[in-house]
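A.B. asks: For A:12-31, A:61-80, A:92-116, A:137-161, A:190-211, A:223-249, A:261-278, the entry in TrEMBL reads transmembrane segment.
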Ligand SMILES: Nc1ncnc2c1ncn2[C@@H]1O[C@H](COP(=O)(O)OP(=O)(O)OP(=O)(O)O)[C@@H](O)[C@H]1O
Ligand SMILES: [Mg+2]
């Protein structure tokens with residue numbers, strides 16, 4: 001019994017990381033109907049930028065975030081305004097092709113600069129600390145911090161979308177970008193702000209990823225799959241849905257891994273396919 | 001001649017298809033001008049060309065003496081031209097009040113506030129938390145008009161605001177417009193219904209196949225002139 005409770009706890013916690021990967025993906029898809037195929041590679045890019053900040057600037061990982069997140073916001077804004085805005089149309093193909101191209105470019109640049117070696121961000125021993133829940137149950141401090149960040153970001157994004165002028169502009173543009181333009185919204189700018197936020201979150205997610213596990217330049221596509229699965233499982237109704245999707249994926253993988261050490265990722269995929277078949281709009285679909 | 005807005009040989013295309021063939025149009029401050037015409041005559045196209053939804057030669061649209069043809073829609077609103085688009089196009093995931101607030105996105109200074117809009121259309125205050133699209137057609141039209149007013153426009157453009165509404169509701173909406181007009185509103189109203197158009201406007205244009213087929217003072221135009229210009233018979 002304890003084994004399964006432990007599996008669920010670990011699954012929930014890793015789900016927080018998947019949710020961090022997934023939020024930007026669902027935000028960009030929700031507002032622009034744009035699937036960013038390079039999303040996972042941006043996670044890894046941010047892990048490497050974080051690694052540089054820690055190793056070359058000598059920063060603590062959490063201080064590094066304060067440097068990497070603004071850089072990520074700027075990269076996101078420039079990426080959208082300089083490239084992706086020109087690919088947005090009713091036809092999804094151009095943006096898929098262009099972001100696929102960006103994915104390849106990022107992987108090759110990372111290989112060029114950092115070689116194919118696996119790396120890790122030194123978290124100063126944080127990765128081995130844990131909090132005891134009962135005699136034989138414990139939760140890692142780092143996974144708890146990651147999960148807590150995911151919850152805070154979810155609250156923050158829900159608040160931004162529900163209560164600010166920018167959030168209203170995001171929703172209005174998502175509903176009808178032509179009518180939004182008639183209200184004075186510059187679509188190009190709003191889209192760039194959305195991508196800035198999406199990539200900004202990856203600044204946090206990438207560093208957490210690098211602290212939790214090792215990473216290498218070609219790891220991006222796997223992270224994209226997890227993010228994508230979390231979005232589909234959660235549905236596009238709200239960021240809470242995305243968080244739930246990440247958590248459900250994490251639990252499925254964790255339980256799978258207890259059944260057989262090789263099954264973790266596979267059980268996650270099976271659950272994803274099951275959701276696609278039986279609940280194609282996810283568990284928390286858009287209601288209006 | 002002090003026009004607020006004028007067009008000069010305005011042409012517009014949808015790809016290779018030419019929809020407007022040189023429209024000359026003018027509206028003075030505090031005037032209400034109606035545009036009538038059969039389905040497909042080019043009325044909405046004309047409004048889209050003014051508001052920058054369709055591209056146009058810069059000099060073919062002048063607003064307050066400035067060439068604005070081809071200026072992007074979000075800039076045109078900021079310049080002071082607000083549009084109530086055909087089919088209302090409320091934002092379905094926004095509440096009534098949020099829809100109204102979207103109109104104020106440009107933060108143009110002026111008299112219109114949420115409270116003023118609620119004063120004009122009291123029913124909207126009761127429904128302000130409801131999703132915009134959960135309202136009746138007439139109430140949705142009020143939201144669309146209120147949303148446009150929230151940008152404090154110098155020129156309000158309404159595209160077929162009476163379409164699909166009951167006569168009593170149409171009357172209510174035009175009473176509200178007349179009330180705004182007394183405070184110095186300038187407006188272009190596109191109407192299918194000739195009698196409504198004549199009654200609410202000082203001057204009237206009739207479009208036919210992308211050209212102006214008739215223009216004049218609304219009260220001077222005869223039924224024969226209008227039906228000839230409307231149907232081309
Ligand atoms: N998006 C479009 N693409 C191609 N052609 C269009 C488009 N919109 C309108 N047209 C064509 O342009 C011409 C003028 O259309 P427009 O919508 O301006 O007419 P209208 O006078 O507003 O008619 P209605 O009273 O039906 O609204 C029509 O021949 C129409 O078929
Ligand atoms: Mg029309």
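Including glycine, each Cβ sits where the backbone N, Cα and C put it.
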A.B. asks: Could you pull out which residues elsewhere in the chain have a CB under 8 Å from any CB of the transmembrane segment (A:190-211), counting only those six or more residues past its ends?
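C.D. replies: Non-local partners: 17, 20-21, 23-25, 27-28, 31-32, 36, 39, 42-51, 61, 64-65, 68-81, 84-85, 88, 119-121, 123, 126-127, 142, 145-146, 149, 153, 157, 166, 169-170, 173, 180, 223.
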A.B. asks: Give residue numbers and ranges for long-range contacts of the transmembrane segment (A:261-278): same chain, 6 or more residues beyond its ends, CB-CB under 8 A.
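C.D. replies: Same-chain residues near the transmembrane segment (A:261-278) but 6 or more away: 226, 229, 232-233, 248-249, 252-255.
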A.B. asks: Where else in the chain does the transmembrane segment (A:223-249) make close Cβ contacts, counting only residues six or more beyond its ends and a cut-off under 8 Å?
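C.D. replies: Distant Cβ neighbours of the transmembrane segment (A:223-249) are 11-12, 15-26, 29-30, 37-41, 43-44, 103, 150-151, 153-154, 157-158, 161, 209, 268-269, 271-272, 275-276, 279, 281-287.
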